[in-house]
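Novice: Could you have a look at this structure, given as structure tokens, before my questions?
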There are 4 protein chains.
Amino acid sequence: MKDLDTNVLSVISPRPAESYKGNYGRVLTIGGNENFGGAIIMSTSAAVHAGAGLVTCATAPANLTALHSTVPEAMFVDYTDNEAVNNVLKSTTAIVLGPGLGTDETSKKIIANVFANVSEEQYLIIDGSAITLLAQEKDLQANLPQAHIIFTPHEMEWQRLSGIKIAQQTETANRVQQEKLGATVILKKHHTEIYAPNAETFRLPLGGPYMSTGGMGDTLTGIIAAFMGQFAKTNPQKALQAAVYTHSAIADQLSENAYVVLPTDIIGHLQKFMQEHSHENYRTKIGFN
Amino acid sequence: MKDLDTNVLSVISPRPAESYKGNYGRVLTIGGNENFGGAIIMSTSAAVHAGAGLVTCATAPANLTALHSTVPEAMFVDYTDNEAVNNVLKSTTAIVLGPGLGTDETSKKIIANVFANVSEEQYLIIDGSAITLLAQEKDLQANLPQAHIIFTPHEMEWQRLSGIKIAQQTETANRVQQEKLGATVILKKHHTEIYAPNAETFRLPLGGPYMSTGGMGDTLTGIIAAFMGQFAKTNPQKALQAAVYTHSAIADQLSENAYVVLPTDIIGHLQKFMQEHSHENYRTKIGFN
Amino acid sequence: MKDLDTNVLSVISPRPAESYKGNYGRVLTIGGNENFGGAIIMSTSAAVHAGAGLVTCATAPANLTALHSTVPEAMFVDYTDNEAVNNVLKSTTAIVLGPGLGTDETSKKIIANVFANVSEEQYLIIDGSAITLLAQEKDLQANLPQAHIIFTPHEMEWQRLSGIKIAQQTETANRVQQEKLGATVILKKHHTEIYAPNAETFRLPLGGPYMSTGGMGDTLTGIIAAFMGQFAKTNPQKALQAAVYTHSAIADQLSENAYVVLPTDIIGHLQKFMQEHSHENYRTKIGFN
Amino acid sequence: MKDLDTNVLSVISPRPAESYKGNYGRVLTIGGNENFGGAIIMSTSAAVHAGAGLVTCATAPANLTALHSTVPEAMFVDYTDNEAVNNVLKSTTAIVLGPGLGTDETSKKIIANVFANVSEEQYLIIDGSAITLLAQEKDLQANLPQAHIIFTPHEMEWQRLSGIKIAQQTETANRVQQEKLGATVILKKHHTEIYAPNAETFRLPLGGPYMSTGGMGDTLTGIIAAFMGQFAKTNPQKALQAAVYTHSAIADQLSENAYVVLPTDIIGHLQKFMQEHSHENYRTKIGFN
């Protein structure tokens, strides 16, 4: 297992002068039932602030107003309207599925529809309730689609999905299950681990207990989606690593002045962090240019 | 009666590196009818900013959107849905009952349900309308549950609950009634007093008239809940004292630049204050390390 | 006509240490139909930030969520529910009637109810649509209540109410009509004029064209209500003058960095301005203490 | 083709001391269906922050609360209520038509109503969905009204409207189609181009790829409307150029600390930028006064 270092941020490259929002990825976030709307709003807002070209949020109609009040840059679709969701889905680069989605019949239908319509070249980030549901529903498991799937479980969710008890979640054991899933697994814990297909295992040497608060993982999903939409063409592994790195590096910075770092605080610092650490700036700072 | 001093803040200890949100308490705030939604939103937001691991707000559906717009980190349940409330309640560390709850039949049923389902090891903070209702409803009084109950009345609410007229609210008189209740009483006034079972009476030498504005008490309840969720295991008395101390100490700081200090201003400074005054930082600053 | 000077701010006195929110006035703002909700939200938020002890907003239910999202410190009542409105009204110090109220039958009924229930010692600030309606409705005029009425018309509204064409609005002409109304008139214009019963006419030498934007007057009403609630006992004339002075003095300060000063910007600076200019601080600064 | 330079900002003149909000234009923004509410909210908020005297937003009722929560300075009308829309329309200086409007039958009826009621001296900014609909609907094209029409297409929308493929969008080709339309065309691209009737073509040498994010164009429409409302009387060409210049100049400034510049960030800096670059200040800074 290898530690991630600040070099992964080099994937945050300066944008070419001639470009338009279509070049920076279309993100679709799906989640937020009548109880957990905040989760999908944070995921969506993170995607917008992390530079995604266009972001649409598929959620319960009850969350429409809070979404627009928090992040007017994002668009809305009713997450139970399959036709509308699929219409957005087909032109999407990266999909977040799960924050605040819940685990009832509606949630299951929404996941099934995404699984049936996602395509091979798309990035599908599966989080929270969607992981729990997948772990318990055989018919969802049987229909896990061909796509670049990224699971973002915490240890208990990983136990549910992989069958490996938390105490037994060693690199070797995790690898076996990750390979069976044929997907990337971001195992969220004290030092988060990244298991990608055909790649070394990486460990995040950043982050701390000031991040132990509700919504932290939801926010990560939005950052991952935005980074895949912008940087995966260059190097998908590094894009993903940079997203995970960025999320905790910002938290570490903010923790100097905050006993607990809130997800919305991290969102508010994405634009500045990405600018400071973009490839060119970083090279300049360390004396390469 | 003894004055609280800054040492109570030592309970705000550095978080252990290996920990997750489950270690920092689950808070359930219950209140906010169709007229007083802001009260429970402030209580909820205070709990989130004071570091509670997970926060759910049980309120009227009319307040869902304002809740998510203000503090997307919090989750929602309909406060009239007993099953849903109890589902959250059973895994909760600290419950806030009362801010903006109102005093009608719905309010009464909500309180009765909490009283019937709270368990002995939980902290139950009873505030505002819930104190008023309890004072007037014999059947609620008869069913006051076994739990760590903390009442947060202002002087008029304490008069209603204890029967002691404001002018007669001496330490001795208050003690008698507090002991009958078998609960902790935080008597909010110019210099707030804390009456805990089997403990000295403490007096808060902080705070000022810039705090005399609507919502100030609601905000305190959220801070108390978050502190009990995080620090009660170490020392429940000190955790409670630190919450009361923190609330007024922030107000004192902000009053240098504000004629009136608003509850939302205090909420916005919780993270920084707690970081500055956490045990280790405090010791460093005064030269112990 | 005499120019107001900075001495009027001396009414913003330091609050006595032993006091509670009931000492700082209860404000009721009434307005905001389905089209103009922002107006009453700004008035309400201004009252909260200017230090009113407790603030309730009576508005259309459609505005409930935007109210709580913007200023959770305020409470809500449905403005068509006379019983609920009157319940709040009876314990209110200062009432704002009119911002965004509209001029239809509902508006008229709301005004009529307030006129029927306001009492002699209360301050009633009549603004915007309420002035227009009053100007055109004889039966409302006939029922203008006994109370400390403060009209806040701009020049066109004053023309409607007084019958004096804008070009003829001289001090003498305005005085005649103001005395007939038996009320205070704050004539909003380039240099706003204050006509109070049995008092000199005052002219505000502050303010500028950066204040020419929608919602500026709504915000003033909230500041007036809060100042009357806090400072009228000392000197009602000076309290009113200080409110008018504060509103424009803040705008003048902010205009150094803003081509147009928005109402919400002024609201955001009330707490700091009032602290800086409170009597004691002012005396210290000029070397009196 | 000539590059715009900072001199166009001289149209941002100091406001005359004696003036009122009616002097600074009434703006009506029309758009925002149930899915794209954020677009019209950003346009509206931009108009308010750029100094428009009075701003009304005609949108779907679903967007009412998010509108008031974001920008309480703006008023609301239901965009399907032709009578209410026309009531505001008739006293309006500049109309924004299109952001988030959608392309269904409702959208079409709304556009048709505006086309039938706009008058010759008004500025009509046609953006987004309204351009797409116009490009595909012959009966809308046939009824393009007499007014100062300003189209704000990006390259693909210009292709749809003009029939010129993106690769062939040369100055000469664009001119021919712009003249047929008898309108001003702001072609949004890497270096935006302005084609106004009987005027040189101007090119904006500002802006960058940090602006490639959803909502950027919506925000521009609001700035244009506010500038036409305030400065068109002096010099309509220069007013328009200054709006386009301001939008990108702010983005350029903010990009020093932001990898992506969000529309809401630009809105938040309008007041300061306009103040710093207003004619008098600019002249002072460069040593003319």
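Heads up, the Cβ atoms here are built off N, Cα and C, so glycines get one too.
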Novice: Among C:Asp3, C:Asp218, C:Asp252, which residue does TrEMBL annotate as binding (6S)-NADPHX at the site that also has C:Ala39, C:Gly100, C:His154?
Specialist: C:Asp218
Novice: Besides C:Lys188, C:Lys189, C:His190, C:His191, C:Thr192, which of C:Gly128, C:Gly217, C:Gly222, C:Gly229 does TrEMBL list for that AMP site?
Specialist: C:Gly217
Novice: Quick one: of C:Ala39, C:Gly100, C:His154, C:Asp218, which binding-site residues lie within 10 angstroms of C:Lys189 (AMP binding site), measuring between C-alpha atoms? Sequence order, please.
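Specialist: Cα filter at 10 Å returns C:His154.
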Novice: Which of C:His154, C:Lys188, C:His190, C:His191 (the binding-site residues) has the most other Cβ atoms within 10 Å?
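Specialist: Ranked by Cβ atoms within 10 Å, first place goes to C:Lys188.
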Novice: What's the longest C-alpha separation between any two of C:Lys188, C:Lys189, C:His190, C:His191, C:Thr192, C:Gly217, the listed AMP-binding residues, in angstrom?
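Specialist: Maximum Cα-Cα distance: 14 Å.
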Novice: For C:Asp218 ((6S)-NADPHX binding site), which residues of its chain lie six or more apart in sequence with Cβ-Cβ distance below 8 Å?
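Specialist: C:Gly31, C:Gly38, C:Ala39, C:Ile40, C:Met42, C:Ser43, C:Ala46, C:Pro99, C:Gly100, C:Asp127, C:Gly128, C:Pro263 - these are the non-local Cβ neighbours of C:Asp218 ((6S)-NADPHX binding site), listed in sequence order.
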Novice: What residue among the binding-site residues C:Gly100, C:Gly217 has the most other CB atoms lying within 10 A of its CB?
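Specialist: The largest 10 Å Cβ neighbour count belongs to C:Gly100.
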Novice: When you average the Cβ positions of C:Ala39, C:Gly100, C:His154, C:Asp218 for the (6S)-NADPHX site, which other residues in that chain have a Cβ within 8 Å of that mean position?
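Specialist: Here the nearby residues are C:Gly31, C:Phe36, C:Met42, C:Ser43, C:Gly98, C:Pro99, C:Asp127, C:Gly128, C:Ser129, C:Gly214, C:Gly215, C:Gly217, C:Thr221.
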Novice: Let's check the environment of C:Lys189 (AMP binding site): how many other CB atoms sit within 10 Å of its CB?
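Specialist: The answer is 18 other Cβ atoms.
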Novice: Do the binding-site residues C:Lys188, C:His190, C:His191 include any whose Cβ comes within less than 8 Å of a Cβ in chain D, and which?
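Specialist: Filtering C:Lys188, C:His190, C:His191 for a Cβ under 8 Å from chain D leaves C:His190.
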Novice: Taking only the Cα atoms, work out how far C:Thr192 (AMP binding site) lies from C:His154 ((6S)-NADPHX binding site), in Å, as a whole number.
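Specialist: With the alpha carbons as reference points, the distance is 9 Å.
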Novice: Taking Cβ atoms only, which of the binding-site residues C:Lys188, C:Lys189, C:His191, C:Thr192, C:Gly217 fall under 8 Å from chain B?
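Specialist: Cβ contacts with B: none found.
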Novice: Identify, among the binding-site residues C:Ala39, C:Thr192, the residue whose Cβ has the fewest other Cβ atoms within 10 Å in this structure.
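Specialist: Taking C:Ala39, C:Thr192 as the binding-site residues, the minimal 10 Å Cβ count falls on C:Thr192.
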Novice: Over the domain 'YjeF C-terminal' (C:4-277), what does the predicted model average in pLDDT?
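Specialist: Averaged over the domain 'YjeF C-terminal' (C:4-277), per-residue pLDDT gives 97.
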